[in-house]
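Novice: My questions will all concern the structure given below.
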Amino acid sequence: MLKHQTIDITLKDFKTYTIFTIEFHRVETPFIIGIWIFFASVAKIGFHMAPNLNKIFPESCLLIVVGVVVGLFLFQTNNVHMSPLTPDTFFLYMLPPIILDAGYFMPNRLFFDHLGTILLFAVIGTIFNTLSIGLSLWLMGRSGLFSCETPVLDMLLFAALISAVDPVAVLAVFEEIHVNEILYIVVFGESLLNDAVTVFNGCML
């Protein structure tokens, strides 16, 4: 004689497996920076395709406007949270496009022909500026010109911060008046390499 038994099966008896999940917060920062780079690239292409815009305002002003527009859009969007700017975010996501843009438009032949002069200004000149500014401010503090005496390490760190000069306006004027190519590439190359020297000085201090 067969006995029929009823078995109650509930949903708790089954194991659930997650097939996929969306974790946007892991890629949120590079995704937002990628959107900004995309709009900046489109703006640069449109700027170079319209020669008359160069007579009205420089390219750097256009990029500033694009950054302000994207920043206001992100500020008004409550669902997107931008992480604070950290050294890793800057060096991994923001600095490579800047170096790529500068290196792509750089006249390579002139740069390597005058590499010795460029390195002299970028390396020796930046280190000299850091030491001279830092020690001068420290001596001025020791003489009583400041309200408080600041340690020499802090003065050198401040000097390393302000030693790297980015002559964007000077290079724009050079392009307008068509100065000597050697002078242009020396100033451009020095501004391209002195940032690395400044980062090195800051890390050493």
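Backbone N, Cα and C define each Cβ position, glycine as well.
Since this is a predicted model, take the numbers as computed values, not measurements.
Feature list, courtesy of TrEMBL:
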- 38-200: domain 'Cation/H+ exchanger transmembrane' (DOMAIN)
- 31-49: transmembrane segment (TRANSMEM)
- 61-78: transmembrane segment (TRANSMEM)
- 90-106: transmembrane segment (TRANSMEM)
- 118-140: transmembrane segment (TRANSMEM)
- 152-174: transmembrane segment (TRANSMEM)
Novice: Considering only the recorded stretches 31-49, 90-106, 152-174, state which has the highest number of Cβ pairs under 8 Å to the transmembrane segment (61-78).
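Specialist: The stretch with the most contacts is 31-49.
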Novice: Is the transmembrane segment (31-49) packed against any residues at least 6 beyond its ends, judged by a Cβ distance under 8 Å, and which are they?
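Specialist: Same-chain contacts beyond the flanks: 24, 59, 62-63, 66-67, 69-70, 74, 80, 82, 89, 93-94, 97.
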Novice: Can you work out which residues elsewhere in the same chain, 6+ from the ends of the transmembrane segment (152-174), have a Cβ less than 8 Å from its Cβ atoms?
Specialist: 58, 60, 126, 129-135, 137-138, 141, 183-184, 187-188, 191, 194-195, 197-198, 201-202, 205
